[in-house]
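Peer 1: Here it is, the structure, as C-alpha coordinates.
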Amino acid sequence: MHIYVNDEETPIESGETLDSLLSRLTSGGKLAVAVNDTVIRQAEWPDYQLQADDRVLLIAPVQGG
Amino acid sequence: MKTEPLIIGDYTFESRLFLGTGKFGSNALMHDAVFASGSELVTVALRRVRLQEQEDEVVSHLQIPGVHLLPNTSGVRTAKEAVLAAQLAREALQTNLLKLEIHPDPRYLLPDPIETLAATEILAKEGFIVLPYINADPVLCKRLEDVGAAAVMPLGAPIGTNQGLQTRAMLEIIIEQSAVPVVVDAGIGAPSQAAEAMEMGADAVLVNTAIAVAGDPVAMANAFRMATLAGRIAFEARMGAVSKSAAASSPLTAFLAQE
(Lines of atoms letter the chains of each structure in order from A and count residues from 1; the text may use other names and numbers.)
(Lines give C-alpha, C1' and ligand atoms only; values in the text may rest on other atoms or scores of the structure.)
Protein backbone atom coordinates (compact mmCIF):
# COMPACT_ATOMS: atom_id res chain seq x y z
CA MET A 1 0.00 0.00 0.00
CA HIS A 2 1.05 3.59 -0.32
CA ILE A 3 0.51 7.00 1.19
CA TYR A 4 1.38 10.54 0.08
CA VAL A 5 4.17 12.36 1.90
CA ASN A 6 4.32 16.02 0.92
CA ASP A 7 2.41 14.99 -2.22
CA GLU A 8 4.95 12.30 -3.12
CA GLU A 9 3.60 8.78 -3.46
CA THR A 10 5.42 6.72 -0.84
CA PRO A 11 5.14 2.94 -0.27
CA ILE A 12 4.59 1.78 3.31
CA GLU A 13 4.18 -1.58 5.00
CA SER A 14 0.77 -2.45 6.35
CA GLY A 15 0.44 -1.21 9.93
CA GLU A 16 3.51 1.03 9.72
CA THR A 17 3.55 3.76 12.37
CA LEU A 18 4.28 7.42 11.87
CA ASP A 19 7.38 7.05 14.03
CA SER A 20 8.74 4.34 11.74
CA LEU A 21 7.98 6.37 8.61
CA LEU A 22 9.72 9.45 9.97
CA SER A 23 12.83 7.58 11.01
CA ARG A 24 13.03 6.17 7.47
CA LEU A 25 12.46 9.47 5.66
CA THR A 26 13.93 12.23 7.79
CA SER A 27 17.20 12.97 9.49
CA GLY A 28 15.72 14.18 12.77
CA GLY A 29 15.63 17.78 13.93
CA LYS A 30 12.64 19.99 14.59
CA LEU A 31 9.65 18.72 12.69
CA ALA A 32 5.88 18.84 12.72
CA VAL A 33 3.46 16.43 11.09
CA ALA A 34 -0.13 16.58 9.94
CA VAL A 35 -2.03 13.60 8.60
CA ASN A 36 -5.06 14.47 6.48
CA ASP A 37 -4.83 18.07 7.75
CA THR A 38 -4.79 17.14 11.44
CA VAL A 39 -1.65 17.81 13.46
CA ILE A 40 -0.27 14.68 15.14
CA ARG A 41 1.72 15.41 18.27
CA GLN A 42 5.12 13.84 18.70
CA ALA A 43 3.98 11.79 21.70
CA GLU A 44 1.42 10.09 19.43
CA TRP A 45 3.85 9.16 16.64
CA PRO A 46 4.87 5.71 17.99
CA ASP A 47 1.24 4.49 18.16
CA TYR A 48 -0.14 6.27 15.12
CA GLN A 49 -0.81 3.68 12.40
CA LEU A 50 -0.86 4.96 8.85
CA GLN A 51 -3.69 4.00 6.50
CA ALA A 52 -3.60 3.62 2.73
CA ASP A 53 -3.84 6.95 0.87
CA ASP A 54 -3.15 9.05 3.98
CA ARG A 55 -1.84 12.51 3.13
CA VAL A 56 1.13 13.21 5.38
CA LEU A 57 2.46 16.75 5.59
CA LEU A 58 5.96 17.18 7.03
CA ILE A 59 7.19 20.66 7.79
CA ALA A 60 10.36 22.05 9.35
CA PRO A 61 11.56 25.51 10.33
CA VAL A 62 13.71 27.41 7.82
CA GLN A 63 15.10 30.94 7.52
CA GLY A 64 12.36 33.50 6.99
CA GLY A 65 11.20 36.98 7.86
CA MET B 1 20.97 52.76 29.02
CA LYS B 2 17.77 50.85 29.74
CA THR B 3 14.32 51.64 28.44
CA GLU B 4 10.92 50.39 29.59
CA PRO B 5 10.54 46.68 28.89
CA LEU B 6 8.07 45.60 26.21
CA ILE B 7 5.47 43.02 27.17
CA ILE B 8 3.69 40.89 24.57
CA GLY B 9 1.50 38.10 25.89
CA ASP B 10 3.50 36.59 28.74
CA TYR B 11 6.87 37.53 27.25
CA THR B 12 8.98 40.49 28.33
CA PHE B 13 11.55 42.02 26.00
CA GLU B 14 14.34 44.46 26.80
CA SER B 15 15.21 44.86 23.11
CA ARG B 16 12.63 46.47 20.86
CA LEU B 17 14.29 45.27 17.68
CA PHE B 18 12.83 42.05 16.28
CA LEU B 19 14.70 40.30 13.50
CA GLY B 20 13.71 38.26 10.50
CA THR B 21 16.10 35.48 9.53
CA GLY B 22 15.47 35.32 5.77
CA LYS B 23 17.95 36.10 3.00
CA PHE B 24 21.17 35.74 5.02
CA GLY B 25 24.07 34.34 3.05
CA SER B 26 24.66 31.60 5.60
CA ASN B 27 23.34 30.36 8.92
CA ALA B 28 26.59 31.47 10.58
CA LEU B 29 26.12 35.02 9.30
CA MET B 30 22.49 34.96 10.47
CA HIS B 31 23.61 33.87 13.93
CA ASP B 32 26.23 36.60 14.17
CA ALA B 33 23.77 39.27 12.99
CA VAL B 34 21.11 38.17 15.49
CA PHE B 35 23.72 38.29 18.23
CA ALA B 36 24.94 41.76 17.18
CA SER B 37 21.36 43.09 16.97
CA GLY B 38 20.66 42.27 20.61
CA SER B 39 17.24 41.05 19.49
CA GLU B 40 15.28 38.72 21.74
CA LEU B 41 12.65 37.74 19.17
CA VAL B 42 13.51 36.35 15.75
CA THR B 43 11.22 34.96 13.10
CA VAL B 44 11.51 31.65 11.32
CA ALA B 45 9.43 30.33 8.44
CA LEU B 46 8.09 26.84 7.88
CA ARG B 47 8.63 24.78 4.79
CA ARG B 48 7.73 21.34 3.61
CA VAL B 49 10.55 18.94 4.31
CA ARG B 50 12.32 17.94 1.11
CA LEU B 51 12.63 14.19 1.26
CA GLN B 52 15.99 12.59 0.55
CA GLU B 53 17.77 15.90 1.17
CA GLN B 54 20.01 16.68 4.08
CA GLU B 55 18.87 19.99 5.50
CA ASP B 56 20.94 22.35 7.62
CA GLU B 57 18.74 23.03 10.58
CA VAL B 58 18.11 26.74 11.14
CA VAL B 59 17.00 26.42 14.75
CA SER B 60 20.34 25.07 15.98
CA HIS B 61 21.94 28.33 14.78
CA LEU B 62 19.46 30.42 16.74
CA GLN B 63 20.02 28.90 20.16
CA ILE B 64 21.22 32.15 21.69
CA PRO B 65 20.45 32.85 25.36
CA GLY B 66 17.45 35.19 25.68
CA VAL B 67 16.37 34.78 22.06
CA HIS B 68 12.83 33.51 21.44
CA LEU B 69 11.60 32.15 18.14
CA LEU B 70 8.60 33.64 16.37
CA PRO B 71 7.36 31.25 13.68
CA ASN B 72 5.50 32.82 10.78
CA THR B 73 2.79 31.45 8.52
CA SER B 74 4.31 32.77 5.31
CA GLY B 75 3.11 30.80 2.31
CA VAL B 76 -0.50 30.39 3.38
CA ARG B 77 -3.29 32.05 1.43
CA THR B 78 -6.36 31.59 3.63
CA ALA B 79 -7.36 31.63 7.29
CA LYS B 80 -7.92 27.87 7.15
CA GLU B 81 -4.39 27.24 5.89
CA ALA B 82 -3.03 29.67 8.48
CA VAL B 83 -4.66 27.77 11.33
CA LEU B 84 -3.06 24.50 10.25
CA ALA B 85 0.31 26.23 9.74
CA ALA B 86 0.06 27.76 13.22
CA GLN B 87 -0.69 24.40 14.81
CA LEU B 88 2.27 22.86 12.98
CA ALA B 89 4.52 25.73 14.05
CA ARG B 90 3.52 25.30 17.67
CA GLU B 91 4.26 21.60 17.46
CA ALA B 92 7.61 22.03 15.71
CA LEU B 93 8.93 24.82 17.92
CA GLN B 94 6.99 24.35 21.16
CA THR B 95 5.91 28.00 21.29
CA ASN B 96 2.57 29.80 21.33
CA LEU B 97 4.08 32.87 19.69
CA LEU B 98 2.92 33.33 16.13
CA LYS B 99 3.52 35.88 13.41
CA LEU B 100 0.36 35.53 11.37
CA GLU B 101 0.93 36.48 7.76
CA ILE B 102 -1.50 35.73 4.99
CA HIS B 103 -0.47 37.25 1.70
CA PRO B 104 -1.90 35.59 -1.35
CA ASP B 105 -0.41 38.07 -3.83
CA PRO B 106 3.19 37.16 -4.71
CA ARG B 107 4.06 40.50 -6.34
CA TYR B 108 3.51 42.92 -3.47
CA LEU B 109 3.07 40.38 -0.66
CA LEU B 110 0.33 42.55 0.80
CA PRO B 111 -1.58 40.91 3.64
CA ASP B 112 -5.21 39.87 3.25
CA PRO B 113 -7.12 41.71 6.00
CA ILE B 114 -10.26 39.56 5.92
CA GLU B 115 -8.49 36.22 6.18
CA THR B 116 -6.10 37.68 8.79
CA LEU B 117 -8.94 38.88 11.01
CA ALA B 118 -10.70 35.51 10.78
CA ALA B 119 -7.53 33.57 11.57
CA THR B 120 -6.58 35.86 14.47
CA GLU B 121 -9.91 35.23 16.15
CA ILE B 122 -9.59 31.44 15.84
CA LEU B 123 -5.95 31.29 16.90
CA ALA B 124 -6.32 33.63 19.88
CA LYS B 125 -9.07 31.32 21.16
CA GLU B 126 -6.70 28.38 20.73
CA GLY B 127 -4.21 30.06 23.04
CA PHE B 128 -1.77 31.47 20.50
CA ILE B 129 -0.02 34.79 21.11
CA VAL B 130 -0.96 36.19 17.73
CA LEU B 131 1.04 38.99 16.09
CA PRO B 132 -0.74 39.67 12.80
CA TYR B 133 1.14 41.25 9.89
CA ILE B 134 -1.22 43.71 8.24
CA ASN B 135 -1.48 46.82 6.18
CA ALA B 136 -1.29 50.07 8.14
CA ASP B 137 -5.07 50.26 8.59
CA PRO B 138 -6.13 51.82 11.91
CA VAL B 139 -9.65 50.35 11.77
CA LEU B 140 -8.36 46.85 11.10
CA CYS B 141 -5.87 47.20 13.97
CA LYS B 142 -8.70 47.91 16.41
CA ARG B 143 -10.72 44.99 15.04
CA LEU B 144 -7.73 42.68 15.51
CA GLU B 145 -7.32 43.93 19.04
CA ASP B 146 -11.01 43.15 19.69
CA VAL B 147 -10.63 39.53 18.56
CA GLY B 148 -7.56 38.87 20.68
CA ALA B 149 -4.40 39.91 18.83
CA ALA B 150 -1.52 40.24 21.32
CA ALA B 151 0.09 42.96 19.19
CA VAL B 152 -0.39 44.41 15.72
CA MET B 153 2.29 44.53 13.05
CA PRO B 154 1.44 47.17 10.45
CA LEU B 155 3.76 47.52 7.48
CA GLY B 156 5.88 50.57 6.70
CA ALA B 157 6.13 49.53 3.05
CA PRO B 158 5.86 46.20 1.17
CA ILE B 159 8.12 43.39 2.42
CA GLY B 160 11.75 43.60 1.36
CA THR B 161 11.45 46.97 -0.39
CA ASN B 162 13.57 49.09 2.00
CA GLN B 163 11.26 52.03 1.22
CA GLY B 164 10.91 53.14 4.83
CA LEU B 165 7.78 54.46 6.53
CA GLN B 166 5.58 55.08 3.49
CA THR B 167 2.53 54.61 5.73
CA ARG B 168 3.70 57.13 8.30
CA ALA B 169 0.41 59.05 8.70
CA MET B 170 -1.57 55.84 9.27
CA LEU B 171 1.07 54.46 11.64
CA GLU B 172 0.68 57.57 13.76
CA ILE B 173 -3.06 56.95 14.08
CA ILE B 174 -2.52 53.26 14.85
CA ILE B 175 0.02 54.07 17.58
CA GLU B 176 -2.27 56.71 19.07
CA GLN B 177 -5.27 54.36 19.22
CA SER B 178 -3.79 50.97 19.97
CA ALA B 179 -4.29 49.22 23.29
CA VAL B 180 -1.86 46.46 22.26
CA PRO B 181 1.80 46.86 21.27
CA VAL B 182 2.44 48.16 17.74
CA VAL B 183 5.36 46.57 15.90
CA VAL B 184 6.24 48.26 12.63
CA ASP B 185 7.06 45.40 10.30
CA ALA B 186 8.26 45.38 6.70
CA GLY B 187 9.78 48.07 4.57
CA ILE B 188 12.22 49.51 7.10
CA GLY B 189 15.39 49.93 5.05
CA ALA B 190 17.74 52.06 7.16
CA PRO B 191 18.55 52.47 10.84
CA SER B 192 17.27 56.08 10.69
CA GLN B 193 13.85 54.72 9.69
CA ALA B 194 13.82 52.35 12.66
CA ALA B 195 14.68 55.30 14.89
CA GLU B 196 11.90 57.32 13.25
CA ALA B 197 9.32 54.61 13.98
CA MET B 198 10.47 54.36 17.58
CA GLU B 199 10.42 58.15 18.04
CA MET B 200 6.81 58.10 16.81
CA GLY B 201 5.99 55.73 19.64
CA ALA B 202 6.02 52.35 17.95
CA ASP B 203 6.63 49.66 20.57
CA ALA B 204 9.08 47.73 18.40
CA VAL B 205 10.28 47.30 14.84
CA LEU B 206 10.85 44.12 12.88
CA VAL B 207 13.71 44.23 10.40
CA ASN B 208 15.00 41.58 8.04
CA THR B 209 16.01 42.49 4.49
CA ALA B 210 17.82 45.73 5.40
CA ILE B 211 20.18 43.76 7.61
CA ALA B 212 20.40 40.49 5.68
CA VAL B 213 21.30 42.05 2.32
CA ALA B 214 23.63 44.74 3.67
CA GLY B 215 27.28 44.62 2.62
CA ASP B 216 28.14 43.79 6.22
CA PRO B 217 25.03 42.34 7.89
CA VAL B 218 26.64 42.08 11.34
CA ALA B 219 27.67 45.76 11.36
CA MET B 220 24.23 46.72 10.05
CA ALA B 221 22.55 44.69 12.80
CA ASN B 222 24.58 46.65 15.31
CA ALA B 223 23.55 49.93 13.65
CA PHE B 224 19.88 48.91 13.87
CA ARG B 225 20.34 47.95 17.51
CA MET B 226 21.63 51.42 18.34
CA ALA B 227 19.07 53.24 16.19
CA THR B 228 16.13 51.37 17.69
CA LEU B 229 17.39 52.04 21.19
CA ALA B 230 18.07 55.73 20.38
CA GLY B 231 14.57 56.14 18.98
CA ARG B 232 13.01 54.58 22.04
CA ILE B 233 15.09 56.67 24.45
CA ALA B 234 14.04 59.79 22.53
CA PHE B 235 10.37 58.76 22.75
CA GLU B 236 10.59 58.13 26.49
CA ALA B 237 12.46 61.45 26.95
CA ARG B 238 9.54 63.25 25.20
CA MET B 239 10.63 65.34 22.25
CA GLY B 240 10.15 69.08 22.06
CA ALA B 241 7.22 70.50 20.12
CA VAL B 242 7.58 71.49 16.46
CA SER B 243 7.04 75.18 15.83
CA LYS B 244 6.89 77.35 12.71
CA SER B 245 8.68 80.44 13.96
CA ALA B 246 12.16 80.48 15.43
CA ALA B 247 12.77 80.21 19.15
CA ALA B 248 16.19 81.41 20.23
CA SER B 249 18.47 78.97 21.96
CA SER B 250 21.03 81.68 22.82
CA PRO B 251 20.36 84.88 24.79
CA LEU B 252 19.27 87.72 22.52
CA THR B 253 20.70 90.54 24.63
CA ALA B 254 22.94 92.70 22.48
CA PHE B 255 26.49 93.11 23.74
CA LEU B 256 28.41 93.97 20.57
CA ALA B 257 25.94 96.35 18.96
CA GLN B 258 24.58 99.32 20.78
CA GLU B 259 20.81 99.44 20.85
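Along the chain as shown, residues are numbered 1 onward.
Using N, Cα and C of the backbone, Cβ positions are placed for all residues, glycine too.
Summarising the annotation, TrEMBL assigns domain 'Thiazole synthase ThiG' to B:8-251. Here TrEMBL flags B:LYS99 as active site, schiff-base intermediate with DXP. Annotation comment: TrEMBL describes B:GLY160, B:ALA186, B:GLY187, B:ASN208, B:THR209 as 1-deoxy-D-xylulose 5-phosphate binding site.
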Peer 1: Roughly how many Å lie between the Cα atoms of B:ALA186 (1-deoxy-D-xylulose 5-phosphate binding site) and B:LYS99 (active site, schiff-base intermediate with DXP), rounded to a whole value?
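Peer 2: Distance (Cα to Cα, whole Å): 13 Å.
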Peer 1: Drop a 10 Å sphere on every Cβ of the binding-site residues B:GLY160, B:GLY187 and tell me which sphere holds the fewest other Cβ atoms.
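Peer 2: So among B:GLY160, B:GLY187, the binding-site residues given, the one with the fewest Cβ atoms within 10 Å is B:GLY160.
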Peer 1: The record lists B:GLY160, B:ALA186, B:GLY187, B:ASN208, B:THR209 as binding 1-deoxy-D-xylulose 5-phosphate. What's the largest Cα to Cα distance among them, in Å, rounded to a whole number?
Peer 2: 9
Peer 1: Just to confirm: which same-chain residues, 6+ apart in sequence, have a Cβ under 8 Å from the Cβ of B:ASN208 (1-deoxy-D-xylulose 5-phosphate binding site)?
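Peer 2: Spatial neighbours, sequence-distant, of B:ASN208 (1-deoxy-D-xylulose 5-phosphate binding site): B:LEU19, B:GLY20, B:THR21, B:GLY22, B:LYS23, B:THR43, B:GLY160.
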Peer 1: Neighbour count, 10 Å Cβ-Cβ cut-off, for B:LYS99 (active site, schiff-base intermediate with DXP): what number do you get?
Peer 2: 29
Peer 1: How big is the Cα-to-Cα gap, in Å, between the residue listed as 'active site, schiff-base intermediate with DXP' and B:GLY187 (1-deoxy-D-xylulose 5-phosphate binding site)?
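Peer 2: That separation, Cα to Cα, works out to 16 Å.
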Peer 1: If you skip the near sequence neighbours and keep only those at least six away, which residues in the chain come within under 8 angstroms of B:THR209 (1-deoxy-D-xylulose 5-phosphate binding site), Cβ to Cβ?
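Peer 2: Spatial neighbours, sequence-distant, of B:THR209 (1-deoxy-D-xylulose 5-phosphate binding site): B:GLY20, B:GLY22, B:LYS23, B:ILE159, B:GLY160, B:THR161, B:ASN162, B:GLY189.
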Peer 1: Test of understanding: give the count of other CB atoms lying within 10 angstroms of the CB of B:ALA186 (1-deoxy-D-xylulose 5-phosphate binding site).
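Peer 2: Result for B:ALA186 (1-deoxy-D-xylulose 5-phosphate binding site): 30 other Cβ atoms within 10 Å.
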Peer 1: Should the residue listed as 'active site, schiff-base intermediate with DXP' be counted as helix, strand, or coil on the basis of DSSP?
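Peer 2: Where the residue listed as 'active site, schiff-base intermediate with DXP' sits, the three-state DSSP reduction gives strand.
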